[in-house]
């Protein structure tokens, strides 16, 4: 007796799936096979040892980047719109917040759509020059974001630690800082175009970044020096600023408690004390934002150092996570500032009432204000 099997849609799908599995295990195929010939000169020989990635990973990455890009562009776009159209939010310090949102917005505008398309095609499809521009954009906007956050930390330090003795920031001062941030970032970004390292496809072949697999130590030195000025130095400066911010607030709170004991009262809740409490809360919010940024970029830094030091193998799948975490930082900032800034919330709900889920009129809610706003309300004697 013979048994015949109807080759219906289910059986055809099973055969297709089996052929894909066989392809992934076929040593004759590599992750580079889908790359166009004009891109091959940018790809390191190291990646030829890896088989093609499962299309599921490309689909998952493309979907995730698409969602993150939409959230980031909407969130940062709202931050820019609200801060620039609300009179009591147009302060010198808040210009730094707008610059941060602007940098994050441009990052996702430049990188998210391209990566979604590449993930759909399972390889880079825009050619070598676009690959270089893509890597350039990631470097430029990433550097601008972290140094903007560093300037925000210095602004907090100047007001909270130095108090009324601090020289208040002016609009010209804020604009000068922003101009310096972009000039500094651009200088680091264009260096690979002049021979100090280069921008090449990542191992997943859907994104581009610096060449951390090069054997040339002159090119490797770019990654080392870049990480010093764009990762480690800002990190130390931010830690320094917030260390003294926490110290100043802690000393103030201790003095307030001692004074309350002398006056035989439960606490002293003057306007100044309330403002200090607000500044303390905002310092925590800003510190959380910066911590999230470093959490986002650290995986990519680790991948770069692993490559130049050849300390461990790097798989194409690992480069996916580096790209994903790096781009996710553009989503954090509008969420954190939107939650923590009641004047931003009030302006947002006034323009978009549908976004208001509940009333935030309690004293506790209103006390969690942005340090940038508090700074501008303090006397500048």
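Cβ atoms are placed via backbone N, Cα and C, with glycine included.
Residues annotated as topological domain 'Extracellular' in Swiss-Prot, with sequence analysis given as evidence: 1-62 (among others).
Positions annotated as N-linked glycosylation site by Swiss-Prot, on the basis of sequence analysis: 28 (among others). A coil conformation is recorded for residue 28 (N-linked glycosylation site) in the three-state DSSP classification, outside any helix or strand. Just so you know, the Cβ of residue 28 (N-linked glycosylation site) picks up 7 other Cβ atoms within 10 Å once every protein chain is counted.
Marked as transmembrane segment by Swiss-Prot: 63-83 (among others).
For 84-96 (among others), the entry in Swiss-Prot reads topological domain 'Cytoplasmic'.
Marked as transmembrane segment by Swiss-Prot: 97-117 (among others).
For 118-133 (among others), the entry in Swiss-Prot reads topological domain 'Extracellular', with the evidence type sequence analysis. The DSSP breakdown of the topological domain 'Extracellular' (118-133) into helical (H, G, I), extended (E, B) and coil residues amounts to 10 helix, 0 strand, 6 coil.
Here Swiss-Prot flags 121 (among others) as N-linked glycosylation site, drawing on sequence analysis.
The disulfide bond annotation in Swiss-Prot covers 131-208.
What Swiss-Prot lists as transmembrane segment is 134-154 (among others), and the listing cites sequence analysis.
Annotation comment: Swiss-Prot describes 155-173 (among others) as topological domain 'Cytoplasmic'.
Long-range contacts of the transmembrane segment (174-194) within the same chain, counting only residues at least 6 positions beyond its ends with a Cβ under 8 Å from a Cβ of the stretch, are 92-93, 95-96, 99, 132, 135-136, 139-141, 143-144, 147-148, 151, 210, 222, 226, 229-230. The transmembrane segment feature in Swiss-Prot is assigned to 174-194 (among others); the stated evidence is sequence analysis.
Sequence-distant contacts of the topological domain 'Extracellular' (195-221) (same chain, at least 6 residues past either end, Cβ-Cβ under 8 Å): 31-32, 34-35, 39, 42-44, 46-47, 50, 53, 57-58, 61-62, 111, 115, 118-119, 122-124, 131-132, 134-136, 138-139, 300, 303-308, 314-320, 322-323. If you look up Swiss-Prot, you'll see 195-221 (among others) marked as topological domain 'Extracellular'.
Close to residue 204 (N-linked glycosylation site) in the fold, though at least 6 residues off in sequence, lie 31, 53, 57, 58, 61, 316, 317, 319, 320, 323, each with a CB less than 8 Å from its CB. Secondary structure from DSSP puts residue 204 (N-linked glycosylation site) in coil. What Swiss-Prot records for 204 (among others) is N-linked glycosylation site, and it gives sequence analysis as the kind of evidence.
Swiss-Prot lists 222-242 (among others) with the feature transmembrane segment.
According to Swiss-Prot, the feature topological domain 'Cytoplasmic' maps to 243-284 (among others), an assignment based on sequence analysis.
What Swiss-Prot lists as transmembrane segment is 285-305 (among others), and the listing cites sequence analysis.
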Q. What is the number of residues in the topological domain 'Extracellular' (306-316) that are helix, strand and coil, as DSSP sees it?
A. 5 helix, 0 strand, 6 coil
Q) Does the transmembrane segment (134-154) reach the transmembrane segment (63-83) with at least 3 CB pairs under 8 A, where each pair is 6 or more residues apart? A) no
**Q.** residue 131 (disulfide bond), number of other Cβ atoms within 10 Å
**A.** 23
Q: Residue list, the transmembrane segment (97-117) vs rest of chain: Cβ under 8 Å, 6 or more residues beyond ends.
A: 61-62, 65-66, 68-70, 72-73, 76-77, 79-80, 83-84, 125-126, 130, 134, 137-138, 141-142, 144-145, 148-149, 152, 178, 181, 206-207, 323, 327, 329-331, 333-334, 337, 370, 372
Q) By a Cβ-Cβ criterion of under 8 Å, what residues six or more beyond either terminus of the transmembrane segment (285-305) are in contact with it? A) 142, 145-146, 149, 152-153, 156, 209-210, 212, 223, 227, 231, 235, 238, 242, 311, 314, 318-319, 321-323, 325-329, 332-333, 336-337, 340, 368, 371
